[in-house]
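Chemist: Below is one structure. I have some questions about it.
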Amino acid sequence: MFLIDSHCHLDLLNYNKIHTGIQDVLNKSKKKHVNVILTVSTSIENFCYLLKFIKGNRNVLLSCGIHPHYIPENKNEILKLKKYSNNEKVVAIGETGLDYYRNNDNKKLQQILFREHIKTSITLKKPLLIHTRNSINDTINILKEENSKQCIGVLHSFTEDMHSARILLNMGFYISFSGIVTFKNSKIVHETAKFVPIDRILIETDSPYLSPVPYRGIENQPAYLYDTMLYIAQLKNMSPECFAIQTTKNFLKLFNLPSYFTNMS
């Protein structure tokens, strides 16, 4: 079996008490068949740190983006986004998007920043990693306005209903599910996971957040992707092996990666 964690934040894991270092995290992951990890940046400063942190590890892929929580005051950060995203180690643009849950006061700034990421994605032909919280209508509208058919991407840790999923799927986007799908009360997410076609699903941990059952209350890590995979496979009446094969194919296709990645287990 070969699994890929399509979204996590490796630098935020607890390296004081839980892990001895990044290699320790990767070793634990491989024991659970998680062989490739996409670690996601949330700011330009964070991207520069991650570039050094992953130390050229072939099993760890990297994105470049500015999370809506970290809107830069300096416009030069936007120029840096475009410059650094062109780095050959970068396979995706983001994490970007809209988050109205914590901050309603800067909607316009979030939207401007999101549009810049979309334009960068189209220019560089690298997929978007999209964050949307309490903002699905604006997210969809902006993607349409920016001619998103020229770019591709994934809605990460998706928690919206089937209607929103259908619109995004018709626009060509992929849908990624995190440990939230394993929560007993996440009925909407369960139904959406059943609905999304198997050739358009990705899976993720969003480590160190959103630990799946049975690890709720414990810091999340890429190894726990295995449990999320098992849960969704059961929801879709698929064998874990077939589900793992298809989600890995989906990841490689979306991020335009060669199949030799699957020989790195």
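Including glycine, each Cβ sits where the backbone N, Cα and C put it.
Relevant sequence annotations retrieved from Swiss-Prot are reproduced here:
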BINDING   H7, H9, E95, D206  divalent metal cation 1 binding site
BINDING   E95, H131, H156  divalent metal cation 2 binding site
Chemist: Measuring CA to CA, name the entry from the binding-site residues H7, H9, E95, D206 that ends up nearest H131 (divalent metal cation 2 binding site).
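Modeler: Out of the listed candidates, the nearest Cα belongs to E95.
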Chemist: Distance check, please: Cα of D206 (divalent metal cation 1 binding site) against Cα of H156 (divalent metal cation 2 binding site), rounded to an integer number of angstrom.
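Modeler: With the alpha carbons as reference points, the distance is 9 Å.
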Chemist: Which state, by DSSP, holds H156 (divalent metal cation 2 binding site): helix, strand or coil?
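Modeler: H156 (divalent metal cation 2 binding site) sits in coil per DSSP, no helix or strand.
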Chemist: If I restrict to non-local contacts, at least six residues apart, and a C-beta distance under 8 angstroms, what lies near H9 (divalent metal cation 1 binding site) in its own chain?
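Modeler: Result: T39, V40, T42, D206, S207, P208, Y209.
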Chemist: Determine which residues of this chain, when E95, H131, H156 are set aside, have a Cβ within 8 Å of the centroid of the divalent metal cation 2 site's Cβ atoms, and list them as they appear in the sequence.
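Modeler: Here the nearby residues are H7, V40, H67, G94, T96, G97, L129, I130, T132, S157.
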Chemist: Other than H7, H9, E95, D206, which residues of the same chain sit close to divalent metal cation 1? List them in sequence order, counting a residue when its Cβ is within 8 Å of the Cβ centroid of the site.
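Modeler: Going along the sequence, the neighbours come out as C8, T39, V40, L129, H156, S157, E204, S207, Y209.
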Chemist: H7 (divalent metal cation 1 binding site) has how many other Cβ neighbours within 10 Å of its own Cβ?
Modeler: 25
Chemist: Using Cβ-Cβ distances, find the residues under 8 Å from H156 (divalent metal cation 2 binding site) that belong to the same chain and are at least 6 apart in sequence, listing them in sequence order.
Modeler: S6, H7, G94, E95, L129, I130, H131, S176, S178, E204, D206
Chemist: Helix, strand or coil at H9 (divalent metal cation 1 binding site), per DSSP?
Modeler: coil
